[in-house]
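First up is the structure itself, then whatever we jot down about it.
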């Protein structure tokens with residue numbers, strides 16, 4: 001046997017497994033042979049027998065049991081011929097198969113015990129199989145294949161030759177990618193064989209509109225200097241041979257390289273025979289290199305050439321991108337400042353050319369900003385991809401059967417958002433598997449499929465990314481949620497709250513629905529933390545659950561934390577920003593349609609619906625604001641759960657893209673406010689948080705009372721009155 | 001994240017050898033006994049390369065390749081088929097179904113690694 005294969009000895013540890021498997025395979029073989037005797041020619045039986053013999057052969061090959069390989073190969077060949085109908089199953093054939101099985105068993109046994117069998121053992125049976133094949137005119141491959149297979153394995157012994165220079169033209173057919181081959185990996189493989197200079201030929205690239213994303217368009221001209229034989233180079237391209245035009249020519253075949261005095265001379269640099277076999281319509285544009293590298297012979301040039309080979313992305317320090325984003329943000333502020341200045345300089349009628357110029361700058365700035373933001377955008381895939389593993393691990397641990405289905409992995413969102421999403425999502429999915437999906441027996445008893453499904457999807461909705469997490473588990477009824485909240489002392493037993501407020505209880509601090517603390521979900525971190533994470537991202541989370549059917553969480557998070565399309569509104573001397581995406585409409589209400597409620601607060605009747613009105617002036621204690629809704633405007637806004645509220649403002653100033661500055665980082669969180677921005681005139685304006693506003697009680701306070709709203713998300717904080725501008729100015 | 005490789009083979013010996021060789025080189029290896037199990041494992045699991053045997057019960061390797069290529073989640077990942085010396089016909093069938101390349105059994109560990117690195121480098 002080949003003692004010069006120390007490598008496969010690494011596999012020796014698997015011998016035991018192999019013999020255990022052989023025992024199974026041999027008994028299966030016997031069983032199926034018995035069945036075959038009753039059902040001659042049965043394909044299923046033949047397939048099973050073939051597989052058993054084939055598996056024994058494959059394993060035997062790995063451990064170098066040559067006699068076993070040789071015999072099982074002959075055996076397998078006859079079985080294959082039987083399957084194909086080339087040999088018909090007669091009594092003689094069946095008998096031969098059974099005898100061969102016995103020989104195989106003995107060979108396995110001998111291999112296992114390391115016993116030498118007589119030299120002629122199994123010879124008669126082997127000859128019998130070969131004879132049957134020969135009768136059918138199939139004398140193929142009955143010789144022992146093992147030595148060949150073995151030598152094919154050890155291919156690195158080829159004698160080193162002096163280094164040779166080859167010129168390779170590698171032009172994939174469009175369908176190359178269908179087999180998931182990757183040209184760049186092949187080039188990388190070549191680089192291991194020698195010094196490589198690569199030129200990428202992009203001439204087949206069509207216009208973007210005509211580009212088929214799954215087709216291969218690039219071609220490569222590669223110069224390689226290697227001491228390996230030509231066969232090694234060919235082997236690199238082994239898998240793509242049928243999917244490309246490939247010419248590998250030794251340099252000696254190259255025409256003498258002419259000095260490159262002008263660009264035209266490059267046209268003749270491919271080897272003559274290569275140009276005969278492969279048409280190179282685009283050679284002129286790409287072929288300066290093969291000849292010239294030969295001349296300069298420079299490794300430096302090689303490096304340069306490699307660089308040009310299809311680099312499509314670069315890695316950039318995130319801090320640099322952040323700096324860029326910031327500068328663009330400042331640019332936008334400066335630009336709107338300039339617009340404002342020119343307006344006040346020229347009165348109401350600025351020069352037409354000035355206006356046009358500003359419009360153009362505005363468009364360009366906006367575009368610039370979008371480009372910069374796009375740099376930070378990444379598919380959510382990186383987060384989603386971590387989840388299947390986790391689901392597998394947890395469900396295995398809990399003895400549950402859970403399938404995770406993901407969709408929309410390609411949805412892009414700001415990198416910061418992605419990073420912040422990982423924790424809450426992990427937590428929620430863990431919850432879904434732990435508390436949501438029932439054990440298999442419970443599911444079966446409930447008439448559900450044994451395997452639970454957790455679905456995680458992402459999509460774009462306006463300026464937001466919408467993530468949905470659905471499970472088809474036990475769910476929870478509103479009654480149960482309510483009872484639990486009462487039990488935990490979160491609400492009074494007689495509290496009257498809406499359905500959706502009940503759903504929201506799951507996010508209340510101190511609320512946990514787990515019947516028992518498990519080591520999977522643990523204790524402590526609850527959905528309140530998840531919500532805080534999401535809210536910190538400027539996002540919203542809502543839950544809807546139905547007992548027996550499952551639970552759905554809906555997350556809506558701004559695509560970027562840096563910029564917001566806003567509507568600037570005036571309230572007294574204050575200006576606030578409302579996120580444009582939340583605005584449904586604005587209208588001037590009829591005084592008759594505005595009703596005061598007994599407990600305080602106001603509603604407006606519009607299109608058969610009562611909408612709660614929120615006076616910003618009252619909540620934030622702004623003076624000199626218009627007191628009555630009908631004298632000002634009502635902006636109808638919508639929060640995550642499609643809950644509408646009307647926000648009473650003095651007037652709408654205009655739409656504006658604003659750069660968000662965090663209050664968390666620069667000041668402190670304020671209920672009803674999600675952030676701040678700097679306006680063109682240098683003043684700080686606060687960005688309104690519609691969802692929080694909706695949850696806030698009406699603090700009717702014409703007085704300058706610094707209301708502190710009991711909002712669980714953020715705790716209590718002083719509401720800034722106009723004087724609060726001083727500390728906020730630090731944001732700039 | 002390290003590359004994850006799915007080895008599909010009805011022979012535990014083969015799966016063990018593939019696992020041993022590849023996990024030693026820093027790959028994460030997951031296993032399936034046949035095409036059907038491989039497909040259900042692929043559903044919801046990221047895999048960077050599939051190495052599959054041809055002859056398997058329930059669903060053979062060629063059918064597996066076809067199904068993966070016809071699906072959505074993994075249709076562009078490389079797939080290597082395990083064939084035996086002289087199995088040119090199987091090789092061609094696998095190719096036609098969409099396989100990326102092949103490995104000839106029996107293989108030495110470094111040969112397996114060499115081929116794997118060609119289509120799915122560990123780094």
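The backbone N, Cα and C atoms fix where each Cβ goes, and this holds for glycine too.
If you look up TrEMBL, you'll see A:7-111 marked as domain 'HPt'. Per TrEMBL, coiled coil is recorded for A:19-46. The phosphohistidine annotation in TrEMBL covers A:54. Under the heading domain 'Histidine kinase', TrEMBL lists A:358-561. Feature annotation from TrEMBL assigns domain 'CheW-like' to A:563-699. Sequence annotations record features per position, and here TrEMBL assigns region 'Disordered' to A:698-732. The annotation compositional bias 'Basic and acidic residues' is assigned in TrEMBL to A:698-707. According to TrEMBL, the compositional bias 'Low complexity' annotation covers A:716-732.
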Residue numbers, six or more beyond the limits of the coiled coil (A:19-46), whose CB comes under 8 Å of its CB atoms: 52-53, 55-56, 59, 79, 82-83, 88-89, 94, 97-98, 101, 104-105, 108, 111-112
Other CB atoms within 10 A, centred on the residue listed as 'phosphohistidine': 25
Within the domain 'CheW-like' (A:563-699), residues counted as helix, strand or coil by DSSP: 24 helix, 69 strand, 44 coil
Tally of DSSP helical, extended and coil residues in the domain 'HPt' (A:7-111): 92 helix, 0 strand, 13 coil
